[in-house]
Amino acid sequence: MESIFHEKQEGSLCAQHCLNNLLQGEYFSPVELSSIAHQLDEEERLRMAEGGVTSEDYRTFLQQPSGNMDDSGFFSIQVISNALKVWGLELILFNSPEYQRLRIDPINERSFICNYKEHWFTVRKLGKQWFNLNSLLTGPELISDTYLALFLAQLQQEGYSIFVVKGDLPDCEADQLLQMIKVQQMHRPKLIGEELAHLKEQSALKADLERVLEAADGPGMFDDDEDDLQRALAMSRQEIDMEDEEADLRRAIQLSMQGSSRGMCEDSPQTSSTDLSSEELRKRREAYFEKQQHQQQEADRPGYLSYPCERPTTSSGGLRSNQAGNAMSEEDVLRATVTVSLETAKDSLKAERKK
């Protein structure tokens, strides 16, 4: 395979690659093919001028671009045909009635030139084997004798024009070498664009793998994962503790409410204190604790006797009413205090969960 000359695609110079792959050497350059195209353009201009240089057809012809070449590097079949005439070679359309009447088996030919739209490539026999020398491939593609006819038929189905190259091709090293040996191809060549895409994909995968390995070898990778896990566990435990505290607080509220309800039913109707402000609750708590402290100090004084006769004389009904009022006030203070504590705990829990 190394001895086979194979030019790969550059720009749109497929006609040049086709000719050089056919002749197995750097026989033509873009400049030489452009010169042939200009000669053809001049010959066409002279033929059009025969009808008169002032005619409408002639002026229209001059305004049109060349049909034999363009700026991209494309060359017409006329350019390729004239270039081959230099070497005594001739092109015949493969599916023309004239050639089909000859009933020649394709494997008995020496080479073909295939064209689809603006792309040209060569299929040539080197030694005793056929090769697809398409410049869009990464290398020559081996074609068996049995597959050659199917390959050409497939190209025709795809819209290709196929030309048979008639004449004696120049001698080349690959043809002489392959007359003595046969080559085997384990892997078929890929299209150049496909190969580039495959190489880019492999390069990207390799780069990703290297980044993963570098990250895995780094000391901070697993430490970061462990820190994240510990933070998640701590937040989970904190939420559970807050839920437990909320449940305990609700049970305390319920018990307090039950005790307050029983005391109220025995003495007087229940009065609501949930509408009290925080400042009023604070003042009531201070008054309650000052009263308790004052009573304790009085009880600790020497000679202090706690007899009912020393208290102001009131009726038994008035005494019960006063005691019930004091009891209600204390119970209301306790219940309101617990309610405020519960609301504060709920607000703290919501703020923590938002974080």
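Positions of Cβ are set from backbone N, Cα and C atoms, glycine also.
It should be emphasised that the depicted structure is a prediction, and the values quoted were computed from it without experimental measurement.
Pulled from Swiss-Prot, these are the features on record:
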ACT_SITE  N134  active site
COMPBIAS  279-301  compositional bias 'Basic and acidic residues'
COMPBIAS  312-326  compositional bias 'Polar residues'
CROSSLNK  M1  ubiquitin cross-link
CROSSLNK  K200  ubiquitin cross-link
DOMAIN    1-180  domain 'Josephin'
DOMAIN    329-348  domain 'UIM 3'
MOD_RES   S268  phosphoserine
MOD_RES   S272  phosphoserine
MOD_RES   S273  phosphoserine
MOD_RES   S321  phosphoserine
REGION    257-333  region 'Disordered'
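M1 (ubiquitin cross-link) has a Cβ environment of 14 other Cβ atoms inside 10 Å. Take the CB of N134 (active site) and look out to 10 A: across all protein chains shown you find 25 other CB atoms.
Taken together, the residues in the domain 'UIM 3' (329-348) have a mean pLDDT of 64 on the 0 to 100 scale. The residue listed as 'active site' is 14 Å away from M1 (ubiquitin cross-link) when you measure Cα to Cα.
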